[in-house]
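Trainee: Questions regarding the structure given below will be posed in turn.
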Amino acid sequence: MLYPLIRQFLFQLDPEKAHELTIQQLKRIAGTPLEYLVRQSVPTKAVTCMGIAFKNPLGLAAGLDKNGECIDALGAMGFGFIEVGTVTPHAQIGNEKPRLFRLTKAYGLINRMGFNNKGVDNLVNNIQKSHFGGVLGINIGKNKDTPIEQGKDDYLICMEKVYPYANYIAVNISSPNTPQLTTLQSGEILDDLLRAIKDKQAKLQEYHHKYVPIAVKITPDMTESELIQMADLLVQHKIDGIIATNTTTSRELVHGLDHSSQSGGLSGRPLQLMSTEVIRILSSKLQGKLPIIGVGGIDSLISAREKMAAGATLIQIYSSFIFHGPRLIKDIISDL
């Protein structure tokens, strides 16, 4: 494929400009003869998770297509599922720029985007226009200006609007780039949020006559005891799945590299071992009670197999997709 040449050009640009240009071009080619440039045939490796049939276990993680603008073009690349978002009730511009940095030598990224998105209504409108027939996950969050005490209301608003269009809903309570968001991951505030989400899910199931599973996306920056406490709560509330993990604020493996001192969440290869260990701990604790979607640093067949050996049923990529392009999807799935 042409991706090595495309990457060479894109990596001359500011990372966020390169991202915007990529989204624009993918949007432009969808449904045209030019879609053949990204379309590839991958083997079927069927798996069932959360009651959903996936054609293969490799998905695109949230964050790349926040507004659902290029679902069709991404779907042509062979992903087993696509997760769009994170989306919030109202549009927001996110944090100040620059807010996205490449750690090229480490095959990593640091972002402090801050849930920049055009709002849930815009996302729904884009989904309605798409022709993607695969599994679609929708990742939801809270607006920055919503007080943390009222944060659950934002999740419930988003749930109601995306429910008819989602195959599963991912609840993002682990981004390090929205003030206080990670406080939703423990104690009474988590208990309250999960109860409200499950109540809403039951009402929406009755109204729409379909059950849409809920998965919670967690941080890697928790102690083992915090992880176990969270797992207990997720099981107690009958949450359908857990996405492990989001980005890390740790810089242990990238110390001294260009941009490593930038604040935000670190993703890509430096996150690989950390996220795999979280999956291993969760898998040991959960004993199959809750499926795990593994994400963080998967950039090869070997690292994909490591995630699954640790206990993940499904896996996702994002940063490695930026570095290696669509060919990585085929390389992983073909021998997984």
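Using the three backbone atoms N, Cα and C, a Cβ is placed for every residue, glycine included.
Heads up, here are the entries from Swiss-Prot:
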| type | residues | note |
| --- | --- | --- |
| ACT_SITE | S175 | active site, nucleophile |
| BINDING | A62, G63, L64, D65, K66, T86, N139, N172, K217, T245, G268, G297, Y318, S319 | FMN binding site |
| BINDING | K66, N111, R112, M113, G114, F115, N172, N177, N246, T247 | substrate binding site |
Trainee: Near N139 (FMN binding site), which of the recorded positions R112, G114, N172, S175, N246 can be found within 10 Å, Cα to Cα?
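Mentor: Those close enough are N172.
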Trainee: Through the lens of DSSP with three states only, how would you label G268 (FMN binding site)?
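Mentor: Going by the DSSP assignment, G268 (FMN binding site) falls within a strand, counted as strand.
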Trainee: Using Cβ-Cβ distances, find the residues under 8 Å from R112 (substrate binding site) that belong to the same chain and are at least 6 apart in sequence, listing them in sequence order.
Mentor: N95, R99, L100, P176, N177, Q262, S263, G264, G265
Trainee: Fewest other CB within 10 angstroms, which one of the binding-site residues G114, G268?
Mentor: G114
Trainee: Around A62 (FMN binding site), how many other C-beta atoms are within 10 angstroms of its C-beta?
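Mentor: Its Cβ shell of radius 10 Å holds 27 other Cβ atoms.
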Trainee: Spatially, which candidate from the recorded positions N172, S175, N246 is nearest to G268 (FMN binding site), comparing Cα atoms?
Mentor: N246
Trainee: What other residues of this chain sit with their CB within 8 A of the center of the CB atoms of K66, N111, R112, M113, G114, F115, N172, N177, N246, T247, the recorded substrate site?
Mentor: G63, T86, G94, S175, P176, T178, G264, G265
Trainee: Rounding to the nearest whole angstrom, report the longest C-alpha distance spanning K66, N111, R112, M113, G114, F115, N172, N177, N246, T247, listed for substrate.
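Mentor: Overall maximum Cα spacing for these binding residues reaches 16 Å.
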Trainee: Could you tell me the maximum Cα-Cα distance in Å between the residues recorded as binding FMN, namely A62, G63, L64, D65, K66, T86, N139, N172, K217, T245, G268, G297, Y318, S319, rounded to a whole number?
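Mentor: Across A62, G63, L64, D65, K66, T86, N139, N172, K217, T245, G268, G297, Y318, S319, the widest Cα separation comes out at 20 Å.
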Trainee: Would you list, in sequence order, the recorded positions among N172, S175, N246 whose CA lies within 10 Å of the CA of Y318 (FMN binding site)?
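Mentor: Cα filter at 10 Å returns nothing.
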Trainee: According to DSSP, does S175 (active site, nucleophile) sit in a helix, a strand, or coil?
Mentor: coil
Trainee: When you measure from the Cβ of S175 (active site, nucleophile), how many other Cβ atoms are you left with inside 10 Å?
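Mentor: Result for S175 (active site, nucleophile): 25 neighbouring Cβ atoms inside 10 Å.
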Trainee: Counting distance between Cα atoms, which of the binding-site residues A62, L64, K66, K217, N246 is nearest the residue listed as 'active site, nucleophile'?
Mentor: N246
Trainee: Among the binding-site residues listed here, K66, K217, which has the most company in the form of other Cβ atoms within 10 Å of its Cβ?
Mentor: K217
